[in-house]
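Asker: Take this structure first; my questions come after.
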Amino acid sequence: MLKVKDLVVNYGAIQAVKKVSFDVEQGEIVTLIGANGAGKSTLLHAISGLMRSTSGSITYLDHPIQKTAAPKIVRAGISQVPEGRHIFPGLSVQENLQMGAFLRRDRAQLAQTYQTVYNYFPILKKRRHQDAATLSGGEQQMLAMGRALMAHPKLMLLDEPSMGLAPIFINEIFDIIQAINQAGTTVLLIEQNAKQALKIADRGYVLASGQVKLSGTGAELLANPDVQKAYLGG
Amino acid sequence: MQTFGQQLINGLSLGSIYALLALGYTMVYGIIKLINFAHGDIYMLGAFWGYYSINYFHFNFILALLSAMLVCAVIGVVIEYFAYRPLRHSARITALITAIGVSFLLENGMSYLVGANARSFPQAIQVVTYHWLGLRISNVQILILGTACLLMVLLEVIIKKTKMGKAMRAVSVDPEAAQLVGINLNHTISFTFALGSAMAGAAGVLIGLYYNSIDPLMGMTPGIKAFVAAVIGGIGSVPGASVGGFIIGILETAVQAVGLSAYKDAVVYFVLIVILLVLPAGIFGKNVKEKV
Ligand SMILES: Nc1ncnc2c1ncn2[C@@H]1O[C@H](COP(=O)(O)OP(=O)(O)OP(=O)(O)O)[C@@H](O)[C@H]1O
Ligand SMILES: [Mg+2]
């Protein structure tokens with residue numbers, strides 16, 4: 001479904017992503033793990049069209065998208081839940097969700113999508129008229145995920161959804177990621193919480209200093225001694 | 001008491017025009033963090049459009065107002081497209097200086113095209129003055145105040161209720177996240193310039209009716225005062241711009257009423273300084289530290 005090949009992304013003179021290749025098949029949960037500064041977010045920004053790559057290619061459903069503008073990427077079915085949530089303060093919870101559906105024209109099915117989102121995250125329904133800025137960190141993460149779901153994506157990119165959350169919220173978030181996947185959405189999950197990410201992932205890639213160092217199924221990587229030492233605290 | 005009421009009426013009429021202008025400053029600043037120094041000149045163009053459309057096309061007031069709004073909206077969008085968009089990723093000071101350049105271009109361009117002299121604005125409406133409780137209030141004043149308030153309410157509805165209005169707010173708080181939900185930044189910014197410039201165009205026609213006299217440099221001082229109004233209200237805040245506009249209008253007429261006409265502009269800046277000392281972010285501003 002998504003094929004990234006030899007991708008290079010720079011910030012001026014700084015090379016953040018150095019010839020990265022990986023792919024995501026339809027229906028999978030694929031995780032990219034790596035330490036701070038490994039280039040994970042940069043990679044997602046390139047896929048979402050917020051940053052231009054210097055070389056290499058990104059292919060989505062057999063179309064090259066490395067030069068496609070962000071709104072068209074969303075329209076094509078790729079939604080990102082950015083690192084740090086980036087909900088819209090000053091807009092209510094419901095308005096944030098409405099913005100998630102900005103490009104949708106199928107009004108009839110929209111009500112259905114709100115329903116789905118509120119089913120995943122009942123707290124959002126309860127808080128729908130509240131300013132999104134007043135939500136707790138965990139609730140904001142839910143809102144950011146709900147907002148991405150509103151576009152009805154085929155592929156969802158999640159950038160460290162568990163960052164800064166209490167363990168109880170983390171478990172809930174991971175459960176919902178699995179539920180979203182089971183409902184038919186392909187997931188590319190970026191995490192520093194490597195253990196939980198690898199547990200739910202079909203496959204994973206380990207990224208370090210802008211390069212893919214290892215790859216394998218979730219179980220393989222969990223069992224890999226190098227991975228255990230570097231990312232699983234053991 | 002009577003003079004107080006009279007000055008309040010005059011101040012509100014003038015203030016509503018500053019408020020309309022201040023809205024454009026604040027919306028554009030909110031979305032691209034640019035102080036659009038050419039905004040006062042859009043108001044001048046609106047006044048000139050009103051002048052020509054009434055004199056030569058025999059438009060009535062409503063038609064002159066609406067067409068001025070439309071024409072100015074288009075001009076605003078064109079200016080953004082050619083002058084500011086190419087500088088979107090440059091240092092802010094570059095865009096700021098460009099805005100000053102656009103302002104000079106419009107002022108001198110109009111002086112060249114139509115002449116620098118002042119001309120009298122056609123009276124599209126027969127002035128009738130009503131006397132009530134010893135106060136004098138003209139139908140033009142009522143019209144200005146009414147139109148301005150109607151436009152402000154309309155703008156508030158657009159910003160608060162419509163999808164484009166919400167997209168505007170989303171882009172002003174977080175342009176990256178806005179793109180991630182599929183909002184097109186360029187369209188949203190154009191939309192913002194269109195709205196702000198339409199308000200300026202309306203203000204230009206209204207001021208023509210009020211003061212009867214227009215010239216190519218008429219946008220300079222009101223432009224600066226409306227900018228001050230936007231800052232006093234809290235730059236980026238829409239209700240703040242309206243309130244700031246009324247404050248400046250009332251202040252200016254009050255200063256004139258007590259016989260200090262010569263100092264009316266100085267007082268405006270004095271109040272600006274005082275308010276910024278007490279409330280650095282303006283009356284409605286959020287107190288956020290800004291990286292410049
Ligand atoms: N705006 C920027 N300008 C310059 N360099 C940047 C910028 N953003 C990121 N970088 C650099 O690019 C590299 C990769 O950053 P990136 O944000 O992609 O890492 P990450 O893997 O997402 O890290 P984290 O886990 O901390 O989110 C880092 O070395 C970082 O310093
Ligand atoms: Mg990151």
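Placed from the backbone N, Cα and C atoms, the Cβ positions cover glycine too.
Straight out of TrEMBL:
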type	residues	note
TRANSMEM	B:12-36	transmembrane segment
TRANSMEM	B:56-83	transmembrane segment
TRANSMEM	B:95-114	transmembrane segment
TRANSMEM	B:140-159	transmembrane segment
TRANSMEM	B:189-211	transmembrane segment
TRANSMEM	B:226-254	transmembrane segment
TRANSMEM	B:266-285	transmembrane segment
Asker: When you look at the transmembrane segment (B:95-114) alongside the transmembrane segment (B:189-211), do they share 3+ Cβ pairs under 8 Å, ignoring any pair fewer than 6 residues apart in sequence?
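Answerer: When sequence-distant Cβ pairs are counted, the transmembrane segment (B:95-114) does not touch the transmembrane segment (B:189-211), since fewer than 3 lie under 8 Å.
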Asker: So are the transmembrane segment (B:12-36) and the transmembrane segment (B:266-285) touching or not, going by 3+ C-beta pairs under 8 A with a sequence gap of 6 or more?
Answerer: no
Asker: Could you pull out which residues elsewhere in the chain have a CB under 8 Å from any CB of the transmembrane segment (B:266-285), counting only those six or more residues past its ends?
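Answerer: Residues 225, 228, 231-237, 239-240, 243-244, 247-248, 251-252, 255, 260 contact the transmembrane segment (B:266-285) from elsewhere in the chain.
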